[in-house]
Amino acid sequence: MNAIEEVFKIARAQTLIALCGTVPGYWFTVLTIDRIGRFSIQSMGFFFMTVFMLALAIPYHYWTLPGDTILMFTFPILLIASLGCVYLYLGKKYGASESNHGRRLASWSRTVLVKGPLGIVSWTELAFLVMFLALLIWSFSTYVHLGFETITPQSASEQGLQVWEDKLTTVALSLALVGNVCLAFLFFPVIRGSSVLLPLFGITSEASIKYHIWLGHTVMTIFTTHGLCFIIKWAALNRMWEMLTWDKVGVANAAGELALLSGLTMWATTFPRIRRKMFELFFYTHHLYIIFIFFFILHVGISYACMMLPGFYLFLVDRYLRFLQSRQRVRLISARVLPCETVELNFSKSPGLSYSPMSIMFINMPSISKLQWHPFTVTSNSNMDQDKLSVVVKSEGSWTKKLYQTLSCPSPVDHLEVSIEGPYGPASTTLMRHDMLVMVCGGSGITPFISIIRELIFKTTLGFKSPRVLLVCSFKNSSSLTMLDLLLPMSNTLSDISSLQIQIEAYVTREEEPISNHWDQLKTHYFKPNVTDVPISSILGPNSWLWLGLIISSSFIIFLIFLGLLTHYYIYPIDQNNNIYPYSTRALLNMLLLCICIAITGSAAFLWNKKQRVLEVKQIQNEDAPTPKMTSPYSLSYNTDRELESFPHQSLVDATKVHYGKRPNLKKILLECEGSSVEVMAAGPKKLRQEAKKKPAEEKKMVAEKSPAEKKPKAEKRIPKEGASGDKKKKRGRRAPR
């Protein structure tokens with residue numbers, strides 16, 4: 001080794017250390033030094049440096065073997081994830097402040113694409129998409145260019161190939177390397193509770209599903225082309241038998257074909273028409289990802305699979321914690337049945353569980369289906385309802401229809417077994433920094449806005465200045481107007497909506513006038529408690545982010561130690577005797593150790609936090625269930641007509657205006673919205689969301705093109721109270737009947 005080579009290797013090692021420790025540590029210090037102080041940061045720095053050195057020293061011989069790149073690809077991402085858990089914990093503990101950088105970056109969050117195969121895309125998403133595609137194109141062209149430079153007629157003939165066949169092989173291998181880059185990002189968007197990197201960028205797991213869809217289509221397109229290239233080559237050489245080879249050293253072709261077949265089966269059911277009409281088929285076939293990843297790792301070996309290992313590692317942690325949570329049965333307290341085939345389910349909740357607005361929760365009911373899990377928006381507020389959590393279920397599919405029929409029958413069941421996963425939601429919200437919130441929804445799309453309005457009501461009761469709210473909701477029938485009653489919780493907590501500047505414009509599209517008073521048909525059914533049921537709580541307790549960071553870091557350290565011992569005492573002696581250890585078996589042992597380490601640390605954290613949850617369960621179970629006025633001695637159902645006469649509900653009636661027989665004119669409504677910062681949110685049918693996202697950009701462009709003389713100040717819009725003369729002049733503008 002000459003001096004230049006030695007300097008190069010030292011520089012490469014220093015770069016690795018900087019990427020693993022210095023760069024993440026620097027940014028972590030910048031973000032948290034004002035919160036936790038210099039001493040705590042220095043102590044954490046010494047601790048992680050000790051862990052890093054031990055991880056290098058204990059399995060040192062393993063890192064000297066050629067082709068082993070686990071530490072280089074996995075350790076930096078997991079270190080950032082561990083430090084991100086600490087940062088999110090501190091932000092939750094001390095309160096994340098809404099800085100002005102959100103206003104400066106607001107223009108980048110504006111919608112640029114509305115219709116098309118990509119769906120609704122913002123400027124930020126489009127910029128990252130272009131950069132990612134540029135990375136893929138550059139990587140592919142570089143691999144192909146370097147590979148073609150070494151191909152000559154002589155080199156091709158030495159391998160028994162023609163020049164075009166050798167070049168086709170180079171193209172196929174280049175596609176595999178580029179597909180591995182896409183696969184490295186595939187699992188990050190589908191991580192739910194253990195998603196650390198997404199909350200750091202303000203992205204929720206629900207909003208990131210479209211990134212998973214984009215990456216999935218890209219991965220399967222590249223890998224399918226990769227497989228077709230080799231099939232064409234083998235067919236030209238009359239060597240199709242190579243498809244079934246499974247070499248001891250190198251690439252296992254048979255494993256690659258099995259991985260590709262499982263991937264194609266999943267891919268075939270992901271297209272919108274098939275997914276919407278046969279969702280259960282899509283749901284069940286998507287579990288083939290286990291076979292896909294298993295045979296993919298056996299196909300390429302653990303060295304080439306290391307690039308996708310960080311995302312898959314965090315996904316395994318999340319999946320195991322979700323499995324532990326789903327094994328428990330939660331207590332369902334009551335169900336509020338609405339005449340529009342909608343049910344509000346109210347669960348018992350641990351007082352220590354807090355969640356943000358627009359959170360979602362996955363529900364499984366074995367009496368309806370033992371395998372199906374369905375996501376629903378959490379409508380309750382963790383601050384207003386300390387011991388209850390609510391979700392709204394609209395009867396639309398076979399699963400939800402069966403649930404509604406079970407609860408709306410004259411003699412409903414006394415108890416339902418329910419398992420849940422979640423709730424999952426954004427780490428923080430920026431609702432209070434806007435001057436006005438415009439919420440456009442259709443049908444059951446109102447459910448995410450219920451949680452937002454309840455959060456704003458809670459903020460106003462504490463004295464905070466909340467933005468003005470305009471809720472534009474569209475329903476097919478007047479019976480769906482009863483969903484507006486869900487804006488206020490059932491409990492007797494302080495929920496005066498009069499302190500919130502809210503205007504509700506409800507549109508009934510298929511009726512010219514109200515048919516009947518549907519509010520008389522509201523009823524609530526209470527369920528009998530079961531000793532085995534537990535309240536909904538966080539699987540890792542109130543300090544879940546700290547526990548998650550501990551699971552990620554400790555499981556990886558234990559994995560490195562076990563891997564070093566396995567390599568030193570079992571694999572390395574076999575290699576020394578000129579008996580090369582099979583690559584597939586080595587990859588299988590590595591993945592087995594990885595799963596065992598995650599199971600050990602995850603189970604330990606779960607059992608440690610279970611003690612506190614047991615005490616909370618005993619405390620909640622000792623509380624008596626409510627005893628409302630019953631309609632019959634055999635039913636726990638009662639009519640809620642008297643409850644609607646309370647003052648908060650009367651304030652809700654005064655803020656609501658109902659329009660019959662027409663659809664909302666979003667162009668006119670959004671043009672009349674005034675404020676320096678107006679946030680438009682949409683939920684419901686796809687066309688409605690596209691129209692709501694498209695209109696703000698068009699209206700801003702129209703206003704910008706007007707001359708100053710044409711811009712007239714708008715008069716303040718005043719909603720007349722019930723009985724005013726303004727109601728008589730408008731034939732179709734009516735108040736919500738009560």
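Numbering starts at 1 and runs along the chain as displayed.
Using the three backbone atoms N, Cα and C, a Cβ is placed for every residue, glycine included.
Please treat TrEMBL annotations as automatic predictions, because they have not gone through curation.
Quantities reported herein were computed from a predicted structural model and do not represent experimental measurements.
Marked as compositional bias 'Basic and acidic residues' by TrEMBL: 688-727.
Marked as compositional bias 'Basic residues' by TrEMBL: 728-738.
Annotated domain 'FAD-binding FR-type' per TrEMBL: 325-430, in sequence order.
TrEMBL lists 684-738 with the feature region 'Disordered'.
Look at TrEMBL and you will find 15-33 (among others) tagged as transmembrane segment.
Annotation comment: TrEMBL describes 45-63 (among others) as transmembrane segment.
Residues or ranges marked as transmembrane segment by TrEMBL: 69-91 (among others).
Sequence annotations record features per position, and here TrEMBL assigns transmembrane segment to 112-138 (among others).
Under the heading transmembrane segment, TrEMBL lists 171-191 (among others).
Residues annotated as transmembrane segment in TrEMBL: 212-237 (among others). Within the same chain, residues 118, 129, 136, 160-161, 165, 168-169, 171-172, 175-176, 178-179, 182-183, 185-186, 189-190, 243, 253, 256-257, 260, 263-264, 266-267, 270 sit at least 6 positions outside the transmembrane segment (212-237) and bring their C-beta atoms closer than 8 Å to a C-beta of that stretch.
The transmembrane segment annotation in TrEMBL covers 249-268 (among others).
As annotated by TrEMBL, transmembrane segment applies to 288-316 (among others).
If one looks beyond the transmembrane segment (436-457) by at least 6 residues along the same chain, the residues whose Cβ comes under 8 Å of a Cβ in the stretch are 342, 357-359, 376-381, 383-384, 391-392, 394, 396, 429, 466-476, 480, 483-484, 486-489, 495-497, 499-500, 502, 664, 666, 669-670, 673-675, 677-685, 688-689, 692. Under the heading transmembrane segment, TrEMBL lists 436-457 (among others).
According to TrEMBL, the feature transmembrane segment maps to 545-566 (among others).
The transmembrane segment feature in TrEMBL is assigned to 587-608 (among others). If one looks beyond the transmembrane segment (587-608) by at least 6 residues along the same chain, the residues whose Cβ comes under 8 Å of a Cβ in the stretch are 70, 294, 297-298, 301-302, 305, 313, 316-317, 320-321, 324, 539-540, 547, 550-551, 554-556, 558-559, 562-563, 566.
Note: the domain 'FAD-binding FR-type' (325-430) comprises 13 helix, 40 strand, 53 coil (DSSP; helix = H, G, I, strand = E, B). Among 69-91, 171-191, 249-268, 288-316, 545-566, 171-191 has the largest number of CB pairs under 8 A with the transmembrane segment (112-138). The stretches the transmembrane segment (545-566) and the transmembrane segment (69-91) meet in space: the count of Cβ pairs below 8 angstroms, excluding pairs fewer than 6 apart in sequence, reaches at least three. If you look at the transmembrane segment (288-316), the same-chain residues 6 or more away from its ends with a CB under 8 A from one of its CBs are 67-70, 72-74, 77-78, 81, 176, 180-181, 183-188, 190-191, 194-197, 251-253, 255-256, 258-259, 262-263, 265-266, 552, 556, 583-584, 586-588, 590-591, 594-595, 598.
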